[in-house]
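Per TrEMBL, the features are:
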COMPBIAS  12-21  compositional bias 'Basic and acidic residues'
COMPBIAS  24-43  compositional bias 'Polar residues'
COMPBIAS  333-345  compositional bias 'Acidic residues'
COMPBIAS  357-368  compositional bias 'Basic and acidic residues'
DOMAIN    159-287  domain 'TFIID subunit TAF5 NTD2'
REGION    1-51  region 'Disordered'
REGION    83-107  region 'Disordered'
REGION    333-382  region 'Disordered'
REPEAT    416-457  repeat 'WD'
REPEAT    489-522  repeat 'WD'
REPEAT    531-562  repeat 'WD'
REPEAT    573-614  repeat 'WD'
REPEAT    615-648  repeat 'WD'
REPEAT    657-689  repeat 'WD'
Amino acid sequence: MAAVQDGQMELDAEKETKPEILSDGTSNLSGNTASGTLSSSPLTAAPAGGAPKMEDQQTLIAVLQFLKRNKLTDSVEILRREAGLGEDQEDSQATDGSGGGKGDVDGGDANSLLSRVSITSAAAPQSMCDSPLMFMLSAAGADDQPDVSVVLSAYSQQGDPSLYQVYYSGLKNFIESVLDCHRAELSQLFYPLFVHMYLELVYNNHENEAKAFFEKFSGDQECYYQDDLRVLCGLTKKEHLKGNEVLLDFRTSRFVLRISRDSYQLLKRHLQERHNNQIWNIIQEHLYIDIFDGMPRSKSQIDSMSGSLAGEGKREVNKAKVFHGLLKEPEIEVPLDDEDDEAENEEGKPKKKKTKKDSLGSKSKKQDPNAPQQNRIPLPELKDSDKLDKIMYMKESTKRIRLGPENLPSICFYTFLNAYQGLTAVDFTDDSSLLAGGFADSTVRVWSVTPKKLRKVKSAADLNMIDKESDDVLERIMDEKTASESKILYGHSGPVYGVSFSPDRNYLLSSSEDGTVRLWSLLTFTCLVGYKGHNYPVWDTQFSPFGYYFVSGGHDRVARLWATDHYQPLRIFAGHLADVTCTRFHPNSNYVATGSTDRTIRLWDVLNGNCVRIFTGHKGPIHSLAFSPNGKFLASGSTDGRVLLWDIGHGLMIGELKGHTDTIYSLKFSRDGEILASGSMDNTVRLWNSMKAFDEVETDDFTATTGHIHLPDNSQELLLGTYHSKSTPVTHLHFTRRNLLLAAGAYNSQ
């Protein structure tokens, strides 16, 4: 009974998530069989009037009675409609069955029939029961319906292992023989089918057949799956599968393929004509076919979106509304002080500067139509120190250099020499005054990169002697005896993989292999809180642009949203199939982007924890993310050496920047968004013309719906410069408020 109810729930879910697949009556093989679309099934041999054979009718009626007793009216209606039974016909047959024993099936009563149903269902995973009808027909006809038993064979582990090569070869020959326009789309089936069929053989202890299957067809897979295949070839026993969470996820989650309706109809017709139910079974159980109306996509269009562990992102996910605009800036008056007179002594100059500031402020004060409401998520109120910092920021902005192809930034590289502790993470404060490094020896080190030295707050006894009303009280509380250029923070018990300064420069976050995120005070240089939620190493952490909130991601495949005054996470973002390696807040703090070793990028809504975007296209684990200053675009870098550009509003890839030859560990947009800088393990910093990349792409609703993206191969045109270090991989990049580019990394003597 429970299985039937679950089946009904699954059917409803399918109606919501796969309307296009269900609309043509192909939601599952048994559905096709019952509606007469698969010619080989004995169920389609029912008389023209639609009434089933007497024995089958009794079986169906027994199931109907059971459903009625348990008040599963929806299932009753579906079964009666599919079987062509009227209510009066059902009642009369039920009466006959109860009087003369004709309701028995194979010598048992209705209860024995139902017990057989439950036994059969136990042999099949719950996900097999996509509808009550499929569940009941496959059970009731298990003895005399060969097609349905073939469908179940993959899940009751009764498939003939020797035929797997025949099934796969048959599909391969068919796809290679179709028209070119369909071949590229249908070729997407090769990889997920290959993996599932191999895992099926291994799971059923057919080691020799699995090895032969792998050797014959592994060479046909796309080059960007080679790393996965190397892992796969080492899994030769059922016991190996239990220890590999990634492949277990692959087996239990649905691989998403985006295919045009014409290509899908070709595939369906072929499988029905050849009665290739083994392949069809895997497609229905483990693949999500996202059908769209329109021209089939080309090989290059498909390749640009392929490569992730779970296939492409579902179009439905990327249709959610995303408020990517910036929040309205608070109105802060900028006083004209002596600093403004330093530039020129003329009386007219400061006024010109003032108008500059006003125009700068007015640009951000206009309400962006794509911006979220100011109070959509609670944000911390501005303190007086924050307002002073805003004023300093606006003053710095007036002296900012406007970058472009003709005006590239200067680059200042901070090289960590003799970093025998092993540099693993770097961060700069927004005002570029402090630099923090995380090290493999479990320490965090903070440096001052200005002449101003780092000082601790005085002891409690000394603080009591200070005049709290004095104007320079903030200066007096600092202990000059503790002044030094750097400080070391001890507390972690494993390598530190992520560091992040708070916007007000009072705090520093660090994440470690020990599974904790620590919050450090930069006034006392001590640990204030240890946040424990991750069970495994935490690869990255980052403060919100407004402070207070921060995000972390780790080996446990989830990202967590925290607030500094809560010891438990506020949100858990779950959905990645592998480690979450990098995390970034959107400039408006309403969204969080995460990159993963499952080769996908996800955008999460902080308000409700929902995933609102899934970006696929990288061919390796993602290690760097950066939002454009206007919040409209996202850049991502990976071990494949490519930088991909994404339109957040439309949910589309809009650019591909090729040039690096190794993993890209850092990405940063200039303050005005004109230039994108990328730093890599190939010891180079590259500058890209991001404005040209964004302006040249035309996005519309049709492109977003079908995925027909046309990426111009113009990486060399967009590349503005390549800058080599002697032997220092680039770990971090940062643009100062005046658009000077800072880079950091540890010197590699090898």
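Quick reminder: no glycine exception, Cβ is built from N, Cα and C everywhere.
Because TrEMBL annotations are produced automatically, they should be read as predictions rather than curated entries.
Comparison of 531-562, 573-614, 615-648 by number of C-beta pairs under 8 angstroms to the repeat 'WD' (489-522) places 531-562 first.
Residues of the same chain lying 6 or more positions beyond the ends of the repeat 'WD' (573-614) and with a Cβ under 8 Å from any Cβ of it are 246, 249-250, 253, 307-310, 313-314, 317-318, 320-327, 371-372, 376-377, 379, 539-546, 549, 551-555, 557-561, 620-627, 629-631, 634, 636, 638, 646, 648, 651. Residues of the repeat 'WD' (489-522) grouped by DSSP class, helix first, strand second and coil last, total 0 helix, 19 strand, 15 coil. If you take every residue in the repeat 'WD' (573-614) and average the pLDDT, you get 94. In terms of DSSP secondary structure, the repeat 'WD' (573-614) contains 0 helix, 24 strand, 18 coil.
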